[in-house]
Amino acid sequence: MSIKEWPEDERPREKLLRQGPGGLSDAELLAIFLRTGVSGLSAVDLSRHLLQQFGSLRALLGAEQRAFCAAHGLGPAKYAQLQAVLEMGKRHLAEQLQRGDPLTSPQLTRDYLQAQLRDRPREVFALLLLDNQHRVIQFVELFYGTLDSASVWPREIVQIALKHNAAAVILAHNHPSGVAEPSRADRQITDRITAALALIDIRVLDHLVIGDGITVSFAERGWL
């Protein structure tokens with residue numbers, strides 16, 4: 001049965017307009033994005049099939065182009081459309097943390113860093129630079145690959161902070177495994193960076209480790 005033949009209060013688009021997006025299932029949200037199903041499957045049924053095939057909504061949204069386009073009911077046009085939607089979401093968060101805005105919401109910071117780092121296939125170490133009123137100066141990606149004491153250089157972080165005249169920073173990196181629990185190396189690197197920046201009176205406000213929908217805060221753990 002086509003979705004058009006469903007009772008109006010069960011149609012995903014009408015439900016979203018009436019209840020808001022938070023009241024819809026993953027399959028219903030995906031169905032609105034897909035708009036149409038395929039032969040024998042409504043858009044919702046196709047969405048359920050795709051979610052089962054990929055394992056989760058996150059896995060589907062983060063799939064590489066070849067795997068995404070190979071799935072029944074998808075293709076290059078849908079992949080391009082999805083990438084545009086995801087990028088607009090990132091830019092929406094970025095505009096809320098744009099240069100000159102005071103950093104007043106810890107949750108906004110988490111959401112922004114999740115959007116920037118969560119789905120990266122390798123580790124990325126980044127820096128959020130702030131002025132003395134905790135207004136955002138710039139977000140900078142610094143190091144890539146497995147992060148340890150040999151790959152993260154406090155001296156480079158000091159140079160970047162001085163270049164942008166930062167008064168404080170927030171450190172962030174992702175764990176591609178999805179497990180956000182900080183390692184011993186993460187804590188050691190943070191201590192080294194904090195000590196190096198303290199020599200020039202720049203505070204480390206937090207170090208956020210980004211996992212699969214989970215963010216661990218060093219500040220909340222009492223480690224800073």
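Numbering starts at 1 and runs along the chain as displayed.
Backbone N, Cα and C define each Cβ position, glycine as well.
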Among ranges 89-102, 103-116, 173-186, whichever one Swiss-Prot labels motif 'JAMM motif':
173-186
Using DSSP, how many residues in the motif 'JAMM motif' (173-186) fall into helix, strand and coil?
3 helix, 2 strand, 9 coil
Identify, among the binding-site residues His173, His175, the residue whose Cβ has the fewest other Cβ atoms within 10 Å in this structure.
His175
Residue counts (helix, strand, coil, in that order) that DSSP gives for the domain 'MPN' (102-224):
41 helix, 36 strand, 46 coil
